[in-house]
Amino acid sequence: MPDGSHSRALRFAIVGAPNCGKTAVFNALTGGRQKVGNYAGVTVERKTGIARTPAGRTLNIIDLPGTYSLRARSPDEEVTRDVVLGTHPGEPAPDLLLVVADATSPRSGLRLVMELQQVGRPMILVMNMIDIARHRGITVDLERLSRDLDIPVVAATAVRRGGQDEVWRALDAAIDEGIAPAAENRWTPPTAADLRRSQRVADTLISAAVIQPEKPDTVTNRIDGVLLHPVWGLVILLALLFVMFQAVFSWATPAMDGIAWVFDHLSLLIGQVLPPGLVQSFLRDGVISGVGGVLVFLPQILILFLFILLLEDLGYMARAAFLMDRIMGGAGLHGRAFIPLLSSFACAIPGIMAARVIDNRRDRLTTILVAPLITCSARIPVYTLIISAFVPARQVAGLFNLQGLVMFGLYAAGIAAALGAAAVAKFVFWRDQSSPPFMLELPDYKMPRGRDVARGLMTRARIFIKRAGTTIFSMTVLIWVLATFPRPPSGATEPGIFYSFAAMIGHLIGPLLAPIGFNWQISVALIPGMAAREVAVSALGTVYAIQGDTGLIGRTLATSWSLATALSFLVWYIFAPQCASTLAVIRRETGGWTWMWVTFGYMLALAYAASFLTYHLAVLMGAG
Ligand SMILES: Nc1nc2c(ncn2[C@@H]2O[C@H](COP(=O)(O)OP(=O)(O)OP(=O)(O)O)[C@@H](O)[C@H]2O)c(=O)[nH]1
Ligand SMILES: [Mg+2]
């Protein structure tokens, strides 16, 4: 009988410096799909998975955030420290530490190994990225390292099939020999002198076991000469963003038309098969107008993520952080805030969690406060719907698509708002404290891997479709019910919805939102929109469909809203705290209600003020 089936499964924890490929190793061992990316700070929580070794043993594998030392300066590093030391609540210490090091720059990994030796747990060292090391002519003498460190050392290419064979063998061999019980934990936080000493030992180990090529790799340096150039670098960054939004609009159209076609025909079919009545209305006005109306935006979301994933894997994002550092620093944001803010383009929730990599509490709070202002992917359907309805698809200067230009402007407004809010937060709360300097690790450039990118896109698609099938669907059903009942009295002349609960609710809150140009239909759509921003689109689709305005929701809006209302609505979506889950995560990550209410309050005030101004200016200029 294989080990582990009669006793509890062994627990192996993966530890290593940031960006050395720990999660790639984890995914390879467990068949997991955790996010990997070519920048430090991708993993900020512990993740567990199950691995089955070739000899048939079952292992619990724990993936951990990257760290240079157990000294733990930031919340993500504290997770690693606590799991490794066995002080994580409700979790025994791991039986073995699988230390991953980057074979192309093994220094930080080896230093960590030396520190971990104090913990008294068995270890295996994985020299990962051996493919890149070989390509560059770096040779690593694994036996020598193993002898000097007195632990098994194996090479791996975590991202290639079969690249983990040696790791599997080492795991089984370690279990065959019997995992030694934990020795006494002698770890104490290393002092500066300790760190210097282990640095020297690491250098000695490297000079004995690693042969560097005579000609160091200059490709990265040459590319960085251009991409990090203070002027050209910024120009390239802007150009990239620009192309991205153009692409989101122009490439997505055929696919979006295709999806819309399917739903339109489904709706027609239902109209032919089912008699008019509640069931038909539920399917056509509720499900298809609502959920279908949101699903058509999938292509745009995927195109945006295609760009983000490619740039991440290439190693460009850390460079973008470098370029933005001056601008962000001017707004009082820590350099490490870049990755959390970047993640917020997907969704504020991973963005807020990624702020764990910031060690200083004040800088972390500032980042969390402003992350929801960054345009998340849930705003895409809202923005696109309004832009397509109100902005002509004209070419500007023979080069740019006007719709893409407006989209770019909305994203820019979100970024500017985040920078501005950070500056104000710093002024209001933390005026007389300065930020510590920021050390940025620039990863090597890597060719993005098709499989990783495809996996990332699949994950995004799955998240979006799941949202459409759960939150958006249930909110749409709710709206349909509210907009359908009570039924109109007999002899009613207006569409049924005018007698419904939805109309009552809309008319109740309507007066509050009338000053910013919102009609009662928008007021109704905003409430379920708190569950997920896209719901506003599905809710509008349902409300107008029941009202009798069949056909594409965009066309309906174009005829029933003024341009001023549309602009005010767009501006509202830049600022409004329209997402309950984000607020919940802020409460969790800051450990209390205060900052959640601060965020909610300031965003709401900002949204109302900005929409008010936009609406009235637009009316003054004749767009009412
Ligand atoms: N060529 C090559 N690339 C690798 C290898 N292992 C990982 N990578 C790439 O290196 C980058 C970092 O990998 P991750 O697994 O996210 O690194 P990590 O150590 O988990 O990083 P953090 O969670 O941020 O600490 C990704 O772009 C991976 O695709 C490898 O063996 N060879
Ligand atoms: Mg990771």
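Cβ coordinates are placed from backbone N, Cα and C, and glycine is handled just like the others.
What you see is a predicted model, and the numbers here were worked out from it, not measured in a lab.
Positions annotated as domain 'FeoB-type G' by TrEMBL: 9-177.
TrEMBL lists 231-252 (among others) with the feature transmembrane segment. Sequence-distant contacts of the transmembrane segment (231-252) (same chain, at least 6 residues past either end, Cβ-Cβ under 8 Å): 299-300, 303-304, 307, 311, 319-320, 323-324, 380, 384, 400-401, 403-405, 407-408, 411.
Long-range contacts of the transmembrane segment (258-275) within its own chain (CB-CB distance under 8 A, at least 6 residues past either end) are made by residues 283-284, 288-289, 292-293, 295-296, 298-299, 552. Sequence annotations record features per position, and here TrEMBL assigns transmembrane segment to 258-275 (among others).
Annotation comment: TrEMBL describes 287-311 (among others) as transmembrane segment. For the transmembrane segment (287-311), same-chain residues at least 6 beyond its ends with a Cβ under 8 Å from one of its own Cβ atoms are 240, 244, 247-249, 251-252, 255-256, 259-260, 263, 266-267, 270, 317, 320, 342, 345-346, 377, 380-381, 384, 448, 452-453, 456-457, 460-461, 464-465, 468-469, 472-473, 476-477, 479-480, 534-535, 537-539, 541-542, 544-545, 553.
Packing against the transmembrane segment (331-355) from elsewhere in the chain are residues 39-41, 44-45, 304-305, 308, 317, 320-321, 324-325, 363-364, 366-368, 370-372, 374-378, 418-420, 422-423, 425-427, 430, 435, 438, 440, 460, 579, 581-582, 585-586, 589: each is 6 or more residues past its ends and has a CB under 8 Å from a CB in it. Per TrEMBL, the feature transmembrane segment maps to 331-355 (among others).
Taking Cβ pairs closer than 8 Å, the transmembrane segment (367-393) reaches residues 248-249, 293-294, 297, 300-301, 304-305, 333-334, 337, 340-341, 344-348, 351-352, 355, 358, 401-403, 406-407, 410-411, 414-415, 417-419, 421-422, 425, 460, 464, 532-534, 536-537, 540, 553-555, 557-558, 561, 563, 566-567, 569-570, 573-575, 577, 579, 582, 586, 589-590, 595, 598-599, 602-603 in its own chain, all 6 or more past its ends. Summarising the annotation, TrEMBL assigns transmembrane segment to 367-393 (among others).
Positions annotated as transmembrane segment by TrEMBL: 405-429 (among others). Within its own chain, the transmembrane segment (405-429) has Cβ neighbours under 8 Å at 241-242, 245-246, 248-249, 327-328, 330-333, 337, 341, 362, 365-367, 369-371, 373-375, 379, 383-384, 387, 391, 396, 570-571, 574-575, 602, 606, counting only residues six or more beyond its boundaries.
Annotation source TrEMBL lists transmembrane segment at 464-485 (among others).
Residues 479, 481-489, 524, 526-527, 543, 546-547, 562, 564-565, 568-569, 572, 608, 611-612, 615, 618-619 of the same chain lie 6+ residues outside the transmembrane segment (497-518) yet bring a C-beta within less than 8 angstroms of a C-beta in it. Among the features that TrEMBL reports, transmembrane segment is placed at 497-518 (among others).
The list of residues near the transmembrane segment (525-546) in space but at least 6 beyond its ends in sequence, with Cβ under 8 angstroms from a Cβ of it, reads 281, 284-286, 289-291, 293-294, 297, 376, 378-379, 381-382, 385, 467-468, 471-472, 475-476, 478-480, 483-484, 495-497, 500, 502, 505, 509, 513, 518, 553, 556-557, 560, 573, 578-581. The feature transmembrane segment is assigned by TrEMBL to 525-546 (among others).
Here TrEMBL flags 552-575 (among others) as transmembrane segment.
As annotated by TrEMBL, transmembrane segment applies to 595-618 (among others).
For the transmembrane segment (464-485), the list of distant contacts is 278, 281-282, 285-287, 290-291, 294-295, 298, 301, 377, 496-497, 500-503, 505, 524-525, 528, 531-532, 534-535, 538-539, 542-543, 546: same-chain residues at least six beyond its ends, Cβ to Cβ under 8 Å.
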